[in-house]
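S.K.: Below is one structure. I have some questions about it.
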């Protein structure tokens, strides 16, 4: 049987016993099948001195498949880097929910074996690009797979800002913040804040206010081509933040403008054959099964 992939990168959560165990099994299993295996440097030492230790960028350059062992947080961290490369990404779930990690940690061999033989489905997920502008100059930027969140930082309190869609004024807002989410992120922070679930194939963004001081403000879904602009009131007394996937923080000052748009980068997710998004939702969210 011909191989669908040849060079494979292993990524995982450092200093986590469950992840360490699965990574060692994966490395041995893949090496015995003559795959060229690279291991992210943060976890390479835990597997042994004989492994090929590389960073995430090198995995993107050298490999045609990356296997992420951990939870969705680990997948998000890897995805923000790997999305710029032509590499497939699949996850082994060692976290809690695992919306993005399909393979079971203790019995991954059968499903992964079929994937490596070419029995898989490919799904492309777009990312967000967030920029902070100050006095007409971009001060910082980063990407997000799930969401970009404008918020006050460590202490929750109400902030004031204006929201523009494609330079058209939508409304002013007094709230604890604003979540701008992709369909991928619609089952994460956005869902907890009352946002709708968007199926991954939708080219759309959802804006979810956080605890707005009004009874009429609701989440709104806009086209993914839209450019979202959040203008922070100069009267806000404290420095704010834009959080990308909860991992990367961009500092924001009163009067700054935050631009959020769809990134040109797309994550190429690999799923086992027969993957069903609604089956994942039922399992993870406790929905009822079929009645007949």
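Just so you know, glycine gets a Cβ as well, placed from its N, Cα and C.
Sharing the feature lines straight out of Swiss-Prot:
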- 72, 73, 146, 147, 157, 174, 176, 187, 188, 189, 190, 191, 192: NAD(+) binding site (BINDING)
- 72: active site, proton acceptor (ACT_SITE)
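Map the listed features onto the structure and describe their local environment.
M.R.: A 10 Å cutoff on Cβ-Cβ distances gives residue 190 (NAD(+) binding site) a total of 26 other Cβ atoms nearby, all chains included.
DSSP gives residue 72 (NAD(+) binding site) a helix state.
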S.K.: Would you say which of the binding-site residues 146, 192 has the most Cβ atoms within 10 Å of its own Cβ?
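M.R.: Per the Cβ count within 10 Å, the most buried is 146.
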S.K.: Let me spell it out: for each of the binding-site residues (72, 176), count the other Cβ atoms within 10 Å of that residue's Cβ, using every protein chain shown. Which one has the most?
M.R.: 72
S.K.: Does anything in the same chain, at least 6 positions from residue 188 (NAD(+) binding site), have a Cβ under 8 Å from its Cβ, and if so what?
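M.R.: Listed in sequence order, they are 72, 99, 146, 147, 181.
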